[in-house]
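*Asks:* Quick one: the structure is below, and I'll ask about it shortly.
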């Protein structure tokens, strides 16, 4: 990651505007659109992490709605260092009021530059920020990232009839972060508020009204504002497509003693035998090992944590219950089970004749394709307790893919 710094000793602040309600994106249990998840993280977190990475020396001000404190705290819970670096202030009824609140929060610090950014534009990039800072360093009072309008523009009337085709030459679509010399944009905002002007749609317009020259720099086609539900869906798809695969492997091992009996249960299949496996449940050593392997992929402890042998309710229980529980934990954590592999170590009974039905049982329990389930067996060459026929051991490996981290 390349860090961007202003020229010399100039200080920089970023105001992230996140006080909107986002009605056009529709209702969601996650809250306003800046708190909805794309690529596994809330939109606002993507934006904050971007500035923290690219402008690590900048002061970060987050302007939120007074009702959104808990939403922001929850969004930042996995990022305590980032959360500790932020200054949080409450916005007003309009974006203009919210930006002014953010500017006022910087009055004591008096940074040289301030970048004002919509929290729901998480796809700004390094090159665009470099162009903005360079233009400020060159002496510009106000810098606006923008992209040329490429669509043909039509003006319509109240009857939904085209009355004019607007020449697109010289027209640009404004983006953020809109960036300024701090003292000048603060004064412009204060003057606009004193004049009762609440009709500005962006900060560059206030700068123009105040007589500042606004300089254009090249924006980014990717730096879109997430406005409606479809925007959020497309952003999530984009991040998921670009994600680095989060492939996790868990291992499990278990062993049970053989005692006199009439058969053993392995991989959920009962096999007639002159011995049985001793255990609190049905002693299915294979499913116990695989249960631990699955739990390991998401740091969820081991089988004893979830089904303690001291609990009488699990006496004689079918071990598929344990495996199903572990699989549900993995799925609830966002994981997809890709492969389950079990190696049984036993002198007897013979596993080969039952291997296929064991694989089918694993496929059924886990809800994954048969080709993703493997059962193998070997003896211990008459060595040790397994070699003496005193027990059966199992080693299991589970492969799980979780939603990846965007690049």
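Just so you know, glycine gets a Cβ as well, placed from its N, Cα and C.
What you are looking at is a predicted structure, and each value in this text was computed from that prediction instead of being measured.
Okay, these came from Swiss-Prot:
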BINDING   254, 256, 288  divalent metal cation binding site
BINDING   254, 255, 256, 280, 281, 302, 303, 304, 378, 379, 380, 381, 385, 388  4-CDP-2-C-methyl-D-erythritol 2-phosphate binding site
REGION    1-247  region '2-C-methyl-D-erythritol 4-phosphate cytidylyltransferase'
REGION    248-407  region '2-C-methyl-D-erythritol 2,4-cyclodiphosphate synthase'
SITE      24  site 'Transition state stabilizer'
SITE      33  site 'Transition state stabilizer'
SITE      168  site 'Positions MEP for the nucleophilic attack'
SITE      225  site 'Positions MEP for the nucleophilic attack'
SITE      280  site 'Transition state stabilizer'
SITE      379  site 'Transition state stabilizer'
*Asks:* On a C-alpha basis, identify the one among 254, 256, 288, 380 that is nearest to residue 24 (site 'Transition state stabilizer'); the candidates are the binding-site residues.
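*Replies:* Going through 254, 256, 288, 380 one by one, the Cα closest to that of residue 24 (site 'Transition state stabilizer') is 288.
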*Asks:* Starting from each candidate's C-beta and looking 10 angstroms out, tell me which of the recorded sites 24, 33, 168, 225, 280 has the most other C-beta atoms.
*Replies:* 33
*Asks:* Looking only at 281, 378, 379, 380, which of these recorded positions has the biggest number of Cβ atoms within 10 Å around its Cβ?
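*Replies:* It comes out as 281.
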*Asks:* For residue 256 (divalent metal cation binding site), write down the residues of its own chain that are at least 6 apart in sequence and whose Cβ falls under 8 Å from its Cβ; none is a fine answer.
*Replies:* 277, 278, 279, 283, 285, 288, 391, 392
*Asks:* Got a sec? Which of these binding-site residues, 254, 288, 303, 385, has the most Cβ atoms within 10 Å?
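*Replies:* Selected residue: 288.
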*Asks:* Select the closest residue to residue 378 (4-CDP-2-C-methyl-D-erythritol 2-phosphate binding site) from the following recorded positions, measuring between CA atoms: 33, 225, 254.
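*Replies:* For residue 378 (4-CDP-2-C-methyl-D-erythritol 2-phosphate binding site), the closest Cα among 33, 225, 254 is found at 254.
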*Asks:* Tell me which of the recorded positions 280, 281, 303, 379, 385 ends up closest to residue 254 (divalent metal cation binding site) in space, Cα to Cα.
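*Replies:* If we rank 280, 281, 303, 379, 385 by Cα distance to residue 254 (divalent metal cation binding site), first place goes to 303.
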*Asks:* To test your reading of the divalent metal cation site: which residues beyond 254, 256, 288, same chain only, put their Cβ within 8 Å of the Cβ centroid of those residues?
*Replies:* 255, 277, 279, 283, 284, 285, 286, 289, 393, 394
*Asks:* Out of 280, 281, 379, 385, which of these recorded positions is nearest residue 225 (site 'Positions MEP for the nucleophilic attack') by C-alpha distance?
*Replies:* 281
*Asks:* Looking only at DSSP and grouping its letters into three states, which state does residue 378 (4-CDP-2-C-methyl-D-erythritol 2-phosphate binding site) belong to?
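*Replies:* Strand, per DSSP.
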*Asks:* Between the Cα atoms of residue 280 (site 'Transition state stabilizer') and residue 380 (4-CDP-2-C-methyl-D-erythritol 2-phosphate binding site), find the distance and write it as a whole number of Å.
*Replies:* 25
*Asks:* Please work out the mean pLDDT for the residues of the region '2-C-methyl-D-erythritol 4-phosphate cytidylyltransferase' (1-247).
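*Replies:* The answer is 93, the mean pLDDT of the model over that range.
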*Asks:* Where does residue 33 (site 'Transition state stabilizer') sit by DSSP, helix, strand or coil?
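*Replies:* Residue 33 (site 'Transition state stabilizer') sits in a helix per DSSP.
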*Asks:* Quick check: of the recorded positions listed here (33, 281, 303, 385), which one has the Cα closest to that of residue 379 (site 'Transition state stabilizer')?
*Replies:* 385
*Asks:* In whole Å, how far is residue 33 (site 'Transition state stabilizer') from residue 303 (4-CDP-2-C-methyl-D-erythritol 2-phosphate binding site) when you measure between their Cα atoms?
*Replies:* 39
